[in-house]
Ligand SMILES: NC(=O)C1=CN([C@@H]2O[C@H](COP(=O)(O)OP(=O)(O)OC[C@H]3O[C@@H](n4cnc5c(N)ncnc54)[C@H](OP(=O)(O)O)[C@@H]3O)[C@@H](O)[C@H]2O)C=CC1
Ligand SMILES: O=C(O)[C@@H]1CCC=N1
């Protein structure tokens with residue numbers, strides 16, 4: 001398999017499919033004016049190639065076209081409006097076969113429960129031969145994906161999150177045993193332009209799904225609750241929401257950019273006898289730490305079951 005200006009087919013283009021296509025299109029527009037350096041925490045560059053050669057190779061790996069597949073005609077009509085002329089939109093079983101046949105790389109972005117049926121539909125196996133399949137389906141393992149495709153299909157499992165849409169995503173990739181360097185590099189390049197990207201062993205993916213995949217929902221509950229407190233104390237709702245969002249972003253960026261331990265940042269805010277320690281003790285009384293940690297534990301446990309056949 002050789003990826004040269006590949007066409008991407010997003011099979012199941014809903015919330016996440018749109019986030020991936022939107023973010024990638026935006027990154028391509030941005031990179032024509034400013035050359036962005038990818039934020040990847042795993043070196044996939046071949047040691048034998050020079051920096052110039054690897055830049056040229058990355059250029060060839062940039063997607064040349066997008067196809068988006070959905071099941072319903074009405075969703076296709078809506079999607080055309082959302083994505084515009086740069087993306088070919090198809091629907092139904094025949095649309096899936098056409099999309100996979102015309103593409104070089106397939107992003108499987110359906111719900112986990114329909115992944116097997118979508119990949120097993122007539123014509124799909126043939127169309128998947130010698131192609132790269134990147135699945136973002138929670139709980140669906142590389143072993144399952146390999147069993148549902150052909151021996152010549154390269155399989156990569158990815159767990160992105162919704163902020164990919166604004167290129168502030170967090171994605172973790174795991175590769176199958178037959179994954180070649182170029183496929184991994186292509187996939188890392190895509191997700192690195194949509195935010196941060198890491199490569200981890202598949203055994204971590206349920207925890208990743210809970211923490212990073214579901215995480216934006218948990219973070220927004222915290223954000224909303226902080227804003228509620230501001231509203232309770234008289235702040236207008238829009239002001240409270242802006243303050244809460246910027247506070248979470250600022251604190252998170254301090255951790256990411258300085259590498260400081262979150263506890264050190266917390267201590268630096270906390271004046272002895274002051275208002276911060278008063279608030280922190282209230283949080284501890286509410287068992288916020290174990291509640292949040294158990295949230296991730298429970299979500300990871302459920303994530304591990306999502307790829308299983310329902311009895
Ligand atoms: N939402 C999130 O934050 C995250 C989700 N994920 C994973 O991403 C996947 C998608 O989630 P999400 O985007 O939220 O789901 P959505 O429900 O938003 O999107 C699913 C899409 O699949 C389409 N679809 C359904 N059946 C078929 C079919 N037979 N053939 C082609 N397309 C089909 C739907 O089209 P139609 O509307 O026409 O039925 C819809 O566009 C899931 O596996 C989930 O585990 C991973 C990380 C984060
Ligand atoms: O809730 C879910 O199952 C999906 C996976 C991660 C985020 N949303």
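Cβ atoms are placed via backbone N, Cα and C, with glycine included.
Where the annotation comes from TrEMBL, it is an automatic prediction and has not been curated.
Annotation source TrEMBL lists NADP(+) binding site at 11, 12, 13, 14, 15, 16. In three-state terms derived from DSSP, residue 13 (NADP(+) binding site) belongs to neither a helical nor a strand segment and is classed as coil. Sequence-distant contacts of residue 13 (NADP(+) binding site), defined as residues of its own chain at least six apart whose C-beta falls under 8 angstroms from its C-beta, comprise 21, 68, 69, 70, 79, 89, 109.
Taken from TrEMBL, the feature region 'Disordered' covers 36-55.
Per TrEMBL, the feature domain 'Pyrroline-5-carboxylate reductase catalytic N-terminal' maps to 67-139.
The NADPH binding site annotation in TrEMBL covers 96. Residue 96 (NADPH binding site) carries a helical DSSP state (H, G or I). Long-range Cβ contacts of residue 96 (NADPH binding site) within its own chain (separation 6+, distance under 8 Å): 11, 69, 90, 118, 121, 124.
In the predicted model, the domain 'Pyrroline-5-carboxylate reductase dimerisation' (202-304) has a mean pLDDT of 98. Annotation source TrEMBL lists domain 'Pyrroline-5-carboxylate reductase dimerisation' at 202-304.
Comparing the binding-site residues 11, 14, 15 on other C-beta atoms within 10 angstroms of each C-beta gives the minimum for 15. Of all Cβ atoms in the protein chains displayed, 21 besides its own lie within 10 Å of the Cβ of residue 12 (NADP(+) binding site). Long-range Cβ neighbours of residue 16 (NADP(+) binding site) (same chain, at least 6 residues apart, Cβ-Cβ under 8 Å): 109, 136, 160, 162, 164. Same-chain residues with CB within 8 A of the center of the 11, 12, 13, 14, 15, 16 CB atoms, the NADP(+) site residues themselves not counted, are 10, 17, 18, 68, 70, 109, 110.
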